[in-house]
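*Asks:* Here it is, the structure, as structure tokens.
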Amino acid sequence: MNYILIGLISYFCGAIPFSYLLPKLRKIDIRRTGSGNVGGTNALRAAGPVIGFICMVLDGVKAFVPVLVFSLIFKDIHYTGISSIFAVLGHDFPVFLRFKGGKGVASTTGVFFALCPICGFTFLATWISITLLTKYVSLASIVGMYAASFVAFFFNKDYGVLFLLLSTLSTLRHSENIERLVNKSERKTDLIKIIKKRG
């Protein structure tokens, strides 16, 4: 019963579509703008840096909170794993948007910070560096998640396995991006330019 309850609570927390709701304040339907993805990067491009970065943070927080709470209450990797996976699945497949959500990067990052803060900072450092150098957010996200997963193994092998699972799920969600990266047709995102132009 605990597994089901934890899964449901975590799922519905993760399913809150901040990256859809906040752009709506500017009358922007994120599903019909840019890539159509209900995630922080598309919100950043479509609604500007302020709303975009707030969406990224909130998409992380909605996974961070349930995972941290349940990890403190139960102190058991099984409960923690259920909470983590379902929080990310809620973001990826939100019932409120007919199960069409994001790619799980920010929510997975929220899990990193909840269970292994240094892993969260590893992701951020990698993500920022690669995004600034290549302007490919998808590449930065994928590499960043696996870098965080690698670091996790040095602190807690169970977390390492969990993070690797979540990273793989997000990688699968990035299949079209990966194809475009291979074909050199992936859209670039100049963070500095966006901030200067629309800040």
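Any Cβ shown, glycine's included, is placed from N, Cα and C.
Sharing the record's features from Swiss-Prot:
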type: TRANSMEM; residues: 3-23; note: transmembrane segment
type: TRANSMEM; residues: 50-70; note: transmembrane segment
type: TRANSMEM; residues: 77-97; note: transmembrane segment
type: TRANSMEM; residues: 110-130; note: transmembrane segment
type: TRANSMEM; residues: 136-156; note: transmembrane segment
*Asks:* Is the number of Cβ-Cβ pairs under 8 Å between the transmembrane segment (110-130) and the transmembrane segment (3-23) three or more, considering only pairs separated by 6 or more positions?
*Replies:* no
*Asks:* Using a Cβ-Cβ cut-off of under 8 Å, list the residues of the same chain that are 6+ residues beyond the ends of the transmembrane segment (77-97) and lie near it.
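*Replies:* For the transmembrane segment (77-97), the list is 2-3, 6-17, 20, 31, 38, 59, 62-63, 66-67, 70-71, 103-104, 106-108, 110-111, 114-115, 158-159, 162, 165-166, 169-170, 173.
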